[in-house]
Structures are given as C-alpha cells and as structure tokens.
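According to Swiss-Prot, the features are:
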REGION    207-242  region 'Disordered'
BINDING   His427, Asp465, Leu466, Asp494, Gly495, Asn536  S-adenosyl-L-methionine binding site
Amino acid sequence: MSARPTDASMEPRAVPHSYRKRVHSTVELAALVYQPLEASGALLSILRGKLYHQRNVRSVLDVVAVPTDTGDQGHSAASKVRVEYLAPPSNKANRNSSSNISCALRDDIQRGSRAAATCNSSSPPTPPAFLEGCCKMCLLDPTVLEAAELWPDPTSVTQNSTPVFLLGAGIPGARVTQQLEAALQTGQLPRKAADLLQQLHERLAASPPSVSLTENQDGDPQAQDSLRAVAAPPSPSSRKRGSYVGAVEVTFASRTVELSYRNYTMSELLSMVLPLREDADLVALSGFEQVGHIAHVNLSAAHLPYADVIGQVILDCNETVSVVVNKVDAISSVFREFKMNIIGERRRADDLGGDVGVGANVSDSGEVGDSLTAEEKAVIALEASSLNSPAEARLNRMLTAAVRQHGCCFRVPYNRVYWNSRLSFEHARLVGQMRPGDVLFDVMAGVGPFAVPAAKKGVKVFANDLNPVAAQYMKVNAELNRLPANSFHVFNMDGRHFLNSVLFDSITGAAASKIEATATSHPGCVCTGRRHVTMNLPAVAVEFLDVFQPLSNTSSLAGEQQSNAATAVAVNERWNRLPAHVEPNDIDQGTLFHVYSFSAAEDLIADAVRQVEANLGYTLPPESIEEVLMVRDVAPTKRMMCVSFTLPPAFWANLLASQPGNDGASFTHAETVSALVEEGAEPTIKRAKADALLTRGV
C-alpha cells in the first residue's frame, strides 16, 4: 500500500484547505423580533417552514434589544433612536452594564410616552416606539422575506428595525390593518412584510381571548382594564406550548450571518468545489463506506486531481472520521485486501489556525480510550519489529479501525484484511439462526464477523482464514470480547485443507487432528445442536466444494490423464475414503452449509444452485436445499447470493460405500452435475430485508 499515488502524469492536486476560502460568504437576512418570550410557542408554530435553514446556523436567537442614540443630541424621538440586538449578557455585571447603556435616553422617551397617554387616556394603547430588553429573533428564509426588501438602501442609517406592531388577541383587527396600511404608504414596510404580520395577527387572534374588544368599548374604562389584562403575559401555570393569549410586540430587523465550510453538508460542499458542470466525466460523489475512523471512497479517474480536496471535505463534514482512503485497484490478492491511497488525514492540530483537530485524541490505531488486550499488544509488538519499517508500522496502526457491530468489538486492520460494513445485516441474520450448543465452521472467517458474535452467543467456533493477519486479529477480537478459550479455535490454513481435516474429523468423528481430539474430549465442546459451515468468499467459495466431488470410477488412465486424475484425487480423496474405525451411525448428515456466490443471471435462484451443484459434483434434491437468499446488490446486474443446503443423500451413500469392508468401492452417483434441479421442485426463497437499504458496490 502506498500513502500517495506515484503516477507522474496525474494533474497537480489542489491545496486541501483552499476550498474553505472559496465557500466562505456572508448573507444578510431579514429577522422577526418579538416580545414577550412567552409567545414563542405560538409564534414558532405559525412560522414553521418560514425560518432560515442552514447547517449549524441557529434560526431562533435570544437577543437583548438595547436602544442607543444616533448622535443627534437634544432629541429623544423614536426616529433618533437606533436599536441594537445584542447577545444576552453572560453574567450579572454585564447585564447591569448593558441595561445602563442608554438609561437617560430611555427615561426621556418614557416620560414623553406617559405624557401622551395622559392627554388621550380614552384611546387604545399604542405600540411602543421600539423594543427594549429580552427578545426573540427569528431569522426568516429569503424566499419569505429578504433584507433588501425591507431596506432597499443598504447605507441607510435607519437600517436597524421597522416600527413596532402590536398583534394578537385583544387587538382589534381593524386597528392592525390600519397600522400596516400606514406603514406601507410611508415605505416603512414592503407588501410581503405586511402580509406576514397580518397572517401572524389573524393566527394569534384566533385563540379565544378572555375578553373581546370592539370599537364601541374604546372609551369604557373597564374595557381598558380588560385590555391591559389581555396584553399581560399569562401566568406560568396557565402557559401551554403552541398556545398564547395576549398581545405581542413585533418588529423587523436585519441580521448578518457568516457562512463557512461548517455550514454545508458534504454533498453541498463537493458540488461547490468540484467543476461538475464543466467536466462531464466528473460526477457527484455518492458517499463512502465508514469502518471505524476510516472513510473509504472509490474515486474515478476524473476525481483523482481533486482527491485531496475530497478527502478534506469528508474530514470536515464527519467528525468521527480521521483517515480517508481511496481504493486504487479491485480486490485481486489471495488475502482479499485491496490497494489504497490515503487522501485525507486529520492532524492533531489544524494546519490553518493551529486549533486542535476533532480527532486529536484518537490514536493511530483509531482507539478512543480503549485498553489494549494482551493479544493485541503482542500483534503490535510483532508489527513494530525489524520485519517492518517504522513508517509501515505506523501506517498499519493508523489503518487499524475499532468497530462495533451487533454488540461485539472488532479490531480491523483495514489495509491488510477484507471487511465490508454492508454485510452487517447478513452477519446478524446468519448468526441469528444459530443456537447455544451449535458448532460453526467458518472456512473464510476474516477477522471474525460471523465467528465472534456466534461464539458470544454460546456457539462453539472453529474459524479459519488463509491470511495470517486475519488469523492474528481473530485472536485479538476473541480476547477483546472475552470469549472462553475452549469455545473459539483459530486456524490459519487453506480452506480445502480446513474442510478435509477439521470439518471431516468433526462430522465423521474421526478426530484425526490433535486440536479436534482435545476439543471433543472436553464435555462442554460436544455438539449438542447443529453444525453450520459458512463459506463467505463469494468470488470463489463454490470452487472449494470440489473436495466433496466423487472419485472417478475409471480404473485406468494413461499419460496426462492419469496425472490430472491424481491431482483431483488429492483434493477430494478424504471425503471419498471413510476410515474403518468410524461408526456410520455417528456421522452427522445434517450439517448445514451456507455458501456465498455472485450471480448475474436472470434466474438468480436457479443459477446460484447450479453453481453449487457444478462444483459439488452432485445434484441437490429439494429436501437438501433449505434456503436460497439474495443478500444484496453488488452492481446493477450483479447480485450476492447465499445457498443454504445439506449434502445430498447420494453423497453420504457414496461416502459410506467407500469404507473398508463394505461391498463395492466408491462409486459415482447417477445424478451427475449436468442434471438440473428436478422439475417443479423449487427451493425456499427469501429476500433479505436489508436488500432495499444496502447501497450498490462492493
């Protein structure tokens, strides 16, 4: 694996952090400011769908309205007052300071208001000249109202707020309409703003007030007292969310919002920084697979010049990701790992501002506070030995992910083993079929996604993988999940050898291997349930079934034919030569095989069964097929299939006939591999529930 591509012909990559400046912008928004705070439930319910929506931007703010003098001394009229909406003070000292900013100015205006009220005490109360004190500010979506519509002249000194309007229960509708029309005529409000306030008033007034006022009651002192009662906020005991009975003071203001890369989703950022319109071959990145702290993407050739930018965008938008890798080639290694490049890595300090990065407390192994097991320490010590360079050892630790799946913990050396998070549902489905007392033989186990949860469930496990790193980390994961040593056995051998030794000894009771002999002698390791065999290597798993093929009944072959026959016998001889000491009644003929394969045929079910039969050497009768399942889509025309079956009666008859002392030698059953499933016999069909949820691609 390489940390960077070595193709000299590739275009120079953009600087990863440069995209942040390109997406930085400011936006001026219209905002609705109101008092009292008790009206929040009702107002926010009415404004639902009308508020500004942007990632990491609060659309409802707590503000303190502070009136300040515009600089024209000697005047206390409202036209000479500018209202600033500040953040609430963090402590009492700041609160006192902000409340004293314009104490003298506020006293002058209050005296003028009281004098005006005395001269005309019989008229309905007028709204205040400006808001003051604690308020709520709601940022409006530009499609509802733009700041430029409120204040066409951006240099206007009075661009701070509009007149205050009194809305809600107890306020005559005619009076509200009159005030809004006056504001329209004087240019204080645009039509869209007036319509919004009219809608707010009608919705707020729809709640039945404690008293109804009409124009005829304006001169009634008792009605004036009732109006003041309506305008007063309800007591906390009578307050209900979404309902408010009383008057609300409302005005409009502007708010400048700065937008950075933190305010956009990953798809939005990629559409902004990648020239998707200019380059027809450059398509939007659909997503990525996350394994622990590692994000895995499959970039096309058109994406490669922007690989570092794509990696940085993924890091910026996903705090749990600290490394981004790109798959370079298809899986071709016998160990099933794939070549990858690191296109993004979260540093311990941000390169731009020096701030500690999000993943600064994540170690190179991708852990956050988890203690290492003894087995894992041994593996790390081995990797840090002279066999590996320091850079390679660090790379291996950095690409070892900590994954939790279905209640189990896994260490996954992602660059050295095969792991597919999209198979999570399939792991749970198959393990869900097993019961305590069952025995699982996992022929291609990887790091144990089938084996570990099965063992944790009380299933005795024999897990094998040809990849020595996978076998090492299976032991790590067994210790990490505190599995008993006598219930979890790890092997590192070829799959055919595992089938011909460990599985054969267990099914027939031959117990030829020392490990199996020791295990079966333990009372807790006897199979009291069912044996399961999983072969989860869909590209070639069916080919391993050739160990069960019958021997050729041709007695004499010549030249090259004899050589080829000898090779075939070496593969499948074990399952065609039953030892004399084996008791036929002790053979478990109910062992259930779960074999995975790929299919692109129109009839997926029939094709999956044909693949099994062609490599097994026997036709599967309907009673031998328990389930044929489509696991997931791999490509538009390619599916991953699972055939669950038992070995057919013809196989067992052939095996028993091969035991010394029986009449006749091993024979080939009449049902050859060319035969299809009997007419009208259909296997059980069940489509995985996860099929609709899993994305395409390996």
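Cβ coordinates are placed from backbone N, Cα and C, and glycine is handled just like the others.
Long-range Cβ contacts of Asp465 (S-adenosyl-L-methionine binding site) within its own chain (separation 6+, distance under 8 Å): Met444, Ala445, Gly446, Ala471, Met474, Phe491, Asn492. Counting other CB atoms no more than 10 Å from each candidate's CB, the binding-site residues Leu466, Asp494, Gly495, Asn536 peak at Asn536. In this entry, S-adenosyl-L-methionine is bound by His427, Asp465, Leu466, Asp494, Gly495, Asn536, whose most widely separated C-alpha atoms sit 22 angstrom apart.
Counting every protein chain shown, 22 other Cβ atoms lie within 10 Å of the Cβ of His427 (S-adenosyl-L-methionine binding site). DSSP assigns His427 (S-adenosyl-L-methionine binding site) to a helical segment in the three-state reduction.
Reduced to three states, the DSSP call for Asp465 (S-adenosyl-L-methionine binding site) is coil.
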